[in-house]
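Engineer: Below is one structure. I have some questions about it.
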Amino acid sequence: MAVKCFSLYLILAAIVIGGVTSEYIEYNTKPRIVPEKINVHLVPHSHDDVGWLKTVDQYYVGSNNSIRGACVQNVLDSVIASLLDDENRKFIYVEMAFFQRWWRQQSNAKKVKVKKLVDSGQLEFINGGMCMHDEATPHYIDMIDQTTLGHQFIKTEFGQVPRVGWQIDPFGHSAVQAYLLGAEFGFDSLFFARIDYQDRAKRLREKTLEVIWQGSKSLGSSSQIFTGVFPRHYDPPEGFTFEINDVSAPIQDDPLLFDYNVQERVNDFVAAALAQVNVTRTNHIMWLMGTDFRYQYAYSWFRQIDKFIHYVNKDGRLNVLYSTPSIYTDAKYAANESWPLKTDDFFPYADKPNAYWTGYFTSRPAFKKYVRDLSGYYLAARQLEFLRGRDSSGPTTDMLADALAIAQHHDAVSGTQRQHVAADYALRLSMGYLQAEKLVASSLSFLSAAKSSTEKKNPGTKFQQCPLLNISYCPASEARLLSGKSLVVVVYNSLGWKREEVVRVPVSSENVIVKDASGKEVVFQLLPLSEIALRIRNEYVKAYLGRSPRDTAKHVLAFTASVPPLGFSSYVISDTGRTARGLSASYVTSGSMNQNVEVGQGNLKLRYSEEGVKITRHLSTKNQVTAEQSYAYYIGSNGTDKDPQASGAYVFRPDGVLPIKSKEEAQLTIVQGPLFDEVHQELNSWISQITRVYKGKNHAEIEFTIGPIPADDGISKEIITKLTTTMKTNGTFYTDSNGRDFIKRIRDFRTDWDLQVYQPVAGNYYPLNLGIYMQDKTSELSVLVDRAVGGSSLENGQIELMLHRRMQHDDIRGVGEILNETVCLPEGCKGLTIQGKFYVQIDKPGDGAKWRRTFGQEIYSPLLIAFTEQEGDSWINSHKTTFSAFEPSYSLPKNVALLTLQELENGEVLLRLAHLFEVGEDSEYSVMAKVELKKLFHNKKIREVKETSLSGNQEKAEMEKRRLIWKVEGSAGEEVKRGEAVDAEKLVVELVPMEIRTLLIKFDDQIEMVGDKEQQHRL
């Protein structure tokens, strides 16, 4: 019977296959758009994280694959080979940190072939930054810099200009990304995947996933950009992924093989496409053919895409083509559709009811501060590199630029990487700093060179710097001064206006005085180092350097430095051999703070009592505002069996809040002096703070020390501070967008949909990079921060900041590691302690913007301090002790910031100027500003000025000619008139509120005077 059945099967098989042969099939994949059909744009891509579970280099070479089998080198090798095989295939690439690594390893012959692929459009660079930066935790200057670095590489090597923004993975999207990192780069469109699940559901219903996004109220319609949100994630529809180990069924089109399924797979494709058509406008849809670290064996993808294009087009119901986001954008524009207008931003982001991705606004606060500190340092170092003259053979800022660029990645500064990856980012930053530190020292030595060229040439000054000043460690200032020697302190100001600011350095002796370069004694203040400060200093110097401090600093010396714009001043610290007059008066309160203590002069007071610290500002005789400061911690949720969502590196899910009260025998140390008063307060064994008020200033500075956060009880803790007032704020507050624009927030409200509130705390948290403020009819309270943090106003008249986090559970978002930072010493490891500052000012309504904008610049760009010793007055008498790059008495207007002054490799100089104020923000400063380039570069002759896009990769005029003007539903508002083109004779730059202008400048060769010494400087 079995033989008969088998014979029958052979007969039937012969009938089925009879006349059919297996042969080569030439797939027709020639791209075309068919107006009368649904056009499906297939976009092959690989999303390559510049560090996350593995380090950037491990991801590139494919090492440490026990964590994840990912090798970007294989992706690029494989993709390029596949593109060369078929001219119809296309691929987009985004992360230049990886492509740059791959590019420098290629032969000249391979480079020629790749350039042809780029020129033909087969390989297109999208976004084009070194990484796909985060949008919540970076400062806008860092976002500009990292993108510029990638764009310069693309322009230099390929002569190309990216057209599309591609922020597919960041966890929420900022207004600054839309208008500044989009429209101002000359991008025609911006695409991403992650928006709030409630927002997505509404947009799917209403076909509003694609919009015109107007991110700036100040720049209006001139800064709009077409924006597309993907219907699902940034991967293909289910059943269409084709990496080697993926489970999607391939098209099997050989009739001699089993499982022939062409029509079945064509039907699957058509069904998925028609489903997407139902949620978007026009007859064009885009499929993302790829996801994380795909195309390691690119043939497995391209073979299937070839087949789908061939057979679906042959079927005739749809038109399918290899495409790119640029081609897709052009097709959308050609459709002449009107699009909804989107304003504000896409924060906060939640992917489930109890999963708000707002914890990462604060995660890894020490790393966030390190990035911010080095960002400000890099800005100053580039200026000094320009003033000295770029020397490619010596130390440069290039390594720091690269490390900072990578650190802006959405799993880097965000704090959402694994611990060993965080250490790798920090190491790269440290190595970059060491190179930039040498550059800064040599530049200051050059600029302060001998006053007279006729004098005997001095050897270059060896300047020392102190990167650990934040923990009161500075070998240069702590060293005991031998007889006849003194310490020269050179203070550099990277801002465009004069600064008078208190400088603080640790010293070992109390017998010191401070003089300016003319020999005039300067008012100073000498403070004892607290026990807490000494403990932190000793522990963390040992942790960082592997050894304890050699010297024992006993005091902090503070004096006011007066520094010209884009220049330096010099001061001299000497040991007099007798007790200094500047020793601060200090005393300690006893008992349990049962008596009221008041500190401060003028109209700003600090009051301490059993209730805590109160900051009071007298705005007038009848208007007094008091803000009471306190600490608390949220208990991070561990999740439940029903809903396992826990608080973690990404997600903030609180499960209650507990106040942190001062211990019963808490003491206050009050320090008073001629420059400032401060109060030291130890709340418990792991939280202490210093509250400081400066003479002549209207803000309070709160310096906090938090850690190690106790973990023995198994409770996740998220540490917050609150400022509570009686202001009637009606649920309204304002937070910055990447340190630039301020956006109005209303508690439990979203502009674009009716919010269903499941997490009333986490769902009202927003990212802060500059600060947060609230106001009512009588007053305005502003808080500025020194790094990226999360913040909110959860009750009327109250502001809170999240400062530190230590978790006990992972939040199931892929990192697979608990956020539990520790510091390790030979005697063991313990939780990380962080130090930081925030600043509080109370103003009349509408008056706070001036302080937020100008003081915010001082926070971002602290004074740069360098030290050298001298014998007698030898250095002061033989060097230039003060310097400004500007024409004497000239400074930038207070509403303009100098963002970038950088000499490029080709000798051109990149200059960025930014208006700091928004429209209507301040009656005095929200107006057009003018900058005179001749006075900025008064000792150089400007030969040519060319205005460019924000990244400097194309002329502004050409960019504007190509700009797509989209139709908007309803009113798009008036287009804002920007500053006039720079006249070649007058050389005046005009800036309207929130405008940033980028210029490439060429100078004539000339003899210029630097430090009264002639220098031939070719620029």
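Positions of Cβ are set from backbone N, Cα and C atoms, glycine also.
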Engineer: Among His410, His420, His555, which residue does Swiss-Prot annotate as binding Zn(2+) at the site that also has His47, Asp49, Asp169?
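Structural biologist: Among the candidates, Swiss-Prot records only His410 at this Zn(2+) site.
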Engineer: Around the C-beta of Cys829 (disulfide bond), how many further C-beta atoms are within 10 angstroms, looking at every protein chain?
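Structural biologist: There are 11 of them.
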Engineer: In DSSP terms, helix, strand or coil for Asn278 (N-linked glycosylation site)?
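Structural biologist: In the DSSP reduction, Asn278 (N-linked glycosylation site) maps to coil.
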Engineer: Taking just the CA atoms, what is the gap between Cys824 (disulfide bond) and His410 (Zn(2+) binding site) in Å?
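Structural biologist: About 27 Å separates the two Cα atoms.
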Engineer: Hey, what's the Cβ neighbour count for Asn820 (N-linked glycosylation site) at 10 Å?
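Structural biologist: Result for Asn820 (N-linked glycosylation site): 17 neighbouring Cβ atoms inside 10 Å.
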Engineer: Which one, from the disulfide-bonded residues Cys466, Cys474, Cys824, has the smallest tally of other C-beta atoms lying within 10 Å of its C-beta?
Structural biologist: Cys824
Engineer: Give the number of CB atoms, excluding that of Asn470 (N-linked glycosylation site) itself, located within 10 Å of its CB.
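Structural biologist: If we count other Cβ atoms within 10 Å of Asn470 (N-linked glycosylation site), we arrive at 17.
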Engineer: Determine which residues of this chain, when His47, Asp49, Asp169, His410 are set aside, have a Cβ within 8 Å of the centroid of the Zn(2+) site's Cβ atoms, and list them as they appear in the sequence.
Structural biologist: Asp48, Trp52, Met132, Ile168, Pro170, Asp292, His409, Asp411
Engineer: Going by DSSP, give the three-state secondary structure for Asp169 (Zn(2+) binding site).
Structural biologist: coil
